[in-house]
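**Student:** I grabbed these lines from TrEMBL:
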type	residues	note
TRANSMEM	B:20-36	transmembrane segment
TRANSMEM	B:42-62	transmembrane segment
TRANSMEM	B:69-90	transmembrane segment
TRANSMEM	B:96-115	transmembrane segment
TRANSMEM	B:177-195	transmembrane segment
TRANSMEM	B:224-244	transmembrane segment
TRANSMEM	B:264-289	transmembrane segment
TRANSMEM	B:301-320	transmembrane segment
Amino acid sequence: MYKPALKIAGLTSGYGDIRVLRGVDLELKPGTIVALIGANGAGKTTLLRTISGLVKADSGFSELYGESIHGLAPHRVVQAGFVQSPEGKQLFADMTILENLMVGAHSKRAYERRNETLEEVYELFPILAERRYQRASTLSGGQQQMVAVGRALMALPKVLALDEPSLGLAPIMVDRLFESIAKIRERNLSILIIEQNVFQVLEMADYGYVLENGQISLSGTGAELLGNSHLRATYLGL
Amino acid sequence: MTVSTIPLDRTAPVGFSKGPALALIVLLLAAGLPLVTQDSFFIHSAIMVLFFAYMATAWNFLCGYVGQLSLGHAMFSGMGGYVSVLLFTTFGLSPWLGMIVGGLAAAALSVVIGYPTFRLKGPYFTLTTIAFAEIVRIWVENTDTFLGFHIKGAEGLVVPMVGESFAAFQFGGKIPYYYIILGMLALAILATLIMERSKLGYCLKAIRGDRDAAEALGISPTRYTLTAFAISAFMTALGGSFYAQFFRYINPERNMGTELSIDMALMSIIGGQGTAFGPLIGALILTPLAEVTRGYLGGTFLGLHLVIYGIVLMLAVLYFPKGVLEPLKNLAVGLFRRRNPA
């Protein structure tokens, strides 16, 4: 039977009295890249934090390959296979690159395979192998983003969530990063990617969702969305 | 992938290869000390330095790596001391076993205390640890008998002499105690080094660096901090047992007072918290300073040694916020490089 990699339905959550998500439905097919776009404050990061268990959901459910991850503590969600690379990288500045990567592999399953996964991450981002004893704070923005992605991969995710990976990067670095992300998909991983870089991410993504005011207002394949007049006017200024 | 052939860059951890070798040399030198001098006062002072280095190392195992300041660790010391002494005087259980029992009891207590307290951050955590330690101390000071054990309140307990016996932890001279505490310190530093390179170490450093990011990666702060807390409490309790056996006397003020808690924290902070050798350096600086100022000034100017202590702390925080170890290490690395230009 077909089971989506990630399925979310009717998810609502928020902070205190303020509702940020007001019933979000979203689905990720195994091995696909799904883009989530939306304006600032639409609730994209809150959605990731809710799935991760960092923000408590009020209602709705979330499943990973048919297994509920709803209401689990953050470390249980990671163990189940939903791992995020948080917005703004959030590296551990005083730790070396190697240490940062190893932190990702703390669950039992990931820890046992840590050396193999580390080789894979180094293969994906060779520069990280070269600089593995350097403190994370000494890296360029693009390299730091590589560490953040690598750190999430070290947890052996089934679904990898990337929160604005291109934030603050030079255009050439964005291109390279997107190439690497496309390569990650070949490992039979599903990727949920939040981006402001709408044009580029929709070109790469298999499917996309638009989040507006805490609800999905539009969805479709990357090409469909790029052709949509509302989306073109609102997010691309065309 | 030929990862291993990639040359290490300048910021590769120098201590990684040379650190253990250096530590071994220091250990051997320390082990040879009694061959040089048998002077009782000198050996006694050396034992005190090693004792405080050990206690600071135990404190650092938790606080240095998690980045939370505990000023209540003396309660674990007291627990270890009282449990081992009471088991010895009541049942004749060897203090070697008694200190393990005391350590396990302290570890259990740390989990009970740590579970609610670790949700608190910064000064709130510190205040809670002081409160717990003071509650335990005041309770012991005012309790004569508990579950049939004679605690004897503020009066304290004397360990009866049974003659020289390894099993009873009683020796003729001070030199055996010197070797015991030296061995305990070496094991504590080794435990810290192993922890630093283990999953526990990575996760603790991550929690210290950015708690929110660590949680986003699925690290459960409670689980890892509690593990470190239990190990730290266990080690502290062993130190408290040693102290009780060495002086053959224990009382709430000396064995679980706030001053001991503060000493443990200060030595770690001044030496370099979050490093394996920092607490040792801190104890090497502060213990002799305390002994000398107490000995020479304590009689004439009561409390002046505490003033000097405070000044040293302020200077250390101002000029060496990461502790004395780091600048010392950089100096050594610099000298080494100048002589061997790459």
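Heads up, the Cβ atoms here are built off N, Cα and C, so glycines get one too.
Quick one: where do these features end up spatially?
**Tutor:** Non-local neighbours of the transmembrane segment (B:42-62) in the same chain are 30, 33-34, 68, 70, 73, 77, 174-175, 177-178, 181-182, 184-185, 188-189, 191-192, 195, 225, 228-229, 231-233, 235-236, 238-239, 242-243, 246, 260, 263-265, 267-268, 271, 273-276, 278-280, 282-284, 286-288, 291; each lies 6+ residues outside the stretch with a CB under 8 Å from one of its CB atoms.
Note on the transmembrane segment (B:69-90): residues 55, 58-59, 62-63, 97-99, 101-103, 105-106, 109-110, 125-126, 128-134, 136-137, 140, 149-151, 157, 159-160, 168, 232-233, 236-241, 243-245, 250, 252, 255-262, 264-265 of its chain, located 6 or more positions outside it, place their CB under 8 angstroms from a CB of the stretch.
Long-range contacts of the transmembrane segment (B:96-115) within the same chain: residues 75-76, 79-85, 87-88, 129, 132, 167, 169, 222, 225-226, 229-238, 240-242, each at least 6 residues beyond the stretch ends and with a Cβ under 8 Å from a Cβ of the stretch.
Remote same-chain residues near the transmembrane segment (B:264-289) are listed as 19, 23, 45, 48-50, 52-53, 55-60, 63-65, 67, 69-71, 73-74, 185, 189, 192-193, 196, 205, 208, 236, 308-309, 312-313, 316-317, 320, 322-326, 328 (criterion: CB distance under 8 Å, separation of at least six residues from the stretch ends).
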**Student:** List, by number or range, the same-chain residues at least 6 past the transmembrane segment (B:20-36) whose CB is under 8 A from its CB atoms?
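**Tutor:** Sequence-remote neighbours of the transmembrane segment (B:20-36) are 43, 46, 50, 175, 178-179, 182, 186, 189, 193, 277.
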**Student:** Going along the chain, which residues at least six beyond the ends of the transmembrane segment (B:177-195) come within the CB cut-off of under 8 Å?
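**Tutor:** Residues 19-20, 23, 27, 30-31, 33-34, 43, 46-47, 50-51, 53-54, 57-58, 60-61, 65, 171, 201, 204, 228, 231, 235, 238-239, 242, 246, 276-277, 280.
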